[in-house]
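To keep things clear, I will list the structure first and then write my remarks on it.
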Amino acid sequence: MQRKECVAMLLAGGQGSRLGVLTKKLAKPAVPFGGRYRIIDFTLSNCNNSGFDTVGVLTQYQPLALNTYIGIGSHWDLDRKNGGVTVLPPFVKEMGGEWYKGTANAIYQNIEFVDQYKPKYILILSGDHIYKMDYSLMLDFHKEKQADATIAVIEVPWQEASGFGIMNTAKDARIVEFEEKPKVPRSNLASMGVYIFNWELLKAYLEEDERNPRSSNDFGKNIIPLMLEAGQRMFAYPFKGYWRDVGTIESLWQANMDLLLENPKLDLNDQKWRIYSVTPHQPPQYVAPSARVNCSLINEGCMVFGNVYHSILFPGVDIGKGSTIRESVILSNVKIGKNVIVERAIVGVETIIEDNCHIGCKENSCPEDCSRITVVEGNIIVPTGSFIKKDCQLVGKAG
């Protein structure tokens with residue numbers, strides 16, 4: 001096996017329970033985003049664009065759709081004879097096996113996979129964030145600082161800092177303290193869930209952590225505090241670009257809406273840093289003469305006879321006459337009948353919304369009444385004349 005300087009390990013087994021019905025049958029990294037992508041596309045594309053050609057993808061919760069989607073990695077130019085993408089679910093060894101117990105345990109269980117490439121460094125990534133980042137620049141920073149570990153950080157609003165792992169740093173960016181979701185944060189430098197470690201050193205810490213029966217087997221709760229306590233050289237790598245944790249319905253909806261700004265901070269048209277995906281084969285979209293479309297993304301295979309304002313339509317969506325879609329995300333192959341109103345909502349794949357339905361905010365509601373997002377599960381039928389109020393999750397019948 002050809003030696004690799006750095007191996008990337010992408011943690012993609014999370015359930016994303018705060019996304020409700022959107023992750024009922026999908027792992028969080030497989031959730032659709034931006035009209036034609038899935039969340040994991042951003043991390044995989046970052047790897048390719050950064051020149052990292054060996055990526056292990058660790059899956060666990062509802063892995064079928066994600067495994068099928070990734071395949072051999074060809075859509076991200078990661079189908080290589082030496083390296084490329086390898087999907088790594090939990091497995092059974094001679095001495096038994098178990099589910100991944102935490103982020104650190106997931107890497108521990110795949111030490112043999114990493115070791116076969118004899119890397120000097122390991123890049124650990126989360127598969128459930130939306131951002132574009134050149135990991136090679138972070139690796140250069142890691143080498144320049146002669147670091148044992150480097151953690152990518154971004155400044156977050158102070159009122160949100162308690163929801164993240166927070167770094168306190170010296171003037172030279174060396175990390176002097178790490179707090180996991182502190183109640184009263186002393187800094188607003190949040191961990192992005194992107195780490196570079198010297199592999200042999202990390203491996204020793206993973207093995208030590210595994211021997212501790214009281215450990216949560218987690219990087220934020222266990223590995224990073226242990227390394228700090230031991231005085232290892234740990235540095236914070238500042239990231240200035242767009243980054244969003246889409247772990248809630250509201251944050252996922254907002255990240256989609258961010259794409260519709262006149263000058264979006266996340267530019268999907270950047271030819272120098274393309275985001276790759278598995279693209280469905282659909283005919284061109286059609287917008288009828290009577291339709292009105294404003295500030296929206298309309299994808300292949302869509303048939304629009306109604307009105308679409310500030311919304312994103314995934315491939316194969318039909319919008320009937322007299323219907324209005326406003327500030328919403330409509331996933332693939334949804335069929336919306338006539339005289340339907342959908343406002344500030346996310347509608348799941350292949351759902352049918354029959355005529356005269358109203359989903360989300362009522363017209364002329366005050367902004368405070370429309371601050372929460374309505375979600376409709378995929379593969380269900382919403383009967384004629386239904387009213388689904390704001391801040392609801394509409395779930396189909398079991399079975």
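Even glycines carry a Cβ here, placed using N, Cα and C.
Here is what Swiss-Prot records for this protein:
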{"type": "BINDING", "residues": "Tyr100, Gly165, Glu180, Lys181, Ser191", "note": "alpha-D-glucose 1-phosphate binding site"}
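Distribution of Swiss-Prot features across the structure.
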| residue | record | Cβ within 10 Å |
| --- | --- | --- |
| Tyr100 | alpha-D-glucose 1-phosphate binding site | 22 |
| Gly165 | alpha-D-glucose 1-phosphate binding site | 21 |
| Glu180 | alpha-D-glucose 1-phosphate binding site | 16 |
| Lys181 | alpha-D-glucose 1-phosphate binding site | 14 |
| Ser191 | alpha-D-glucose 1-phosphate binding site | 22 |
Longest CA-CA distance among Tyr100, Gly165, Glu180, Lys181, Ser191, per record bound to alpha-D-glucose 1-phosphate, angstrom: 22
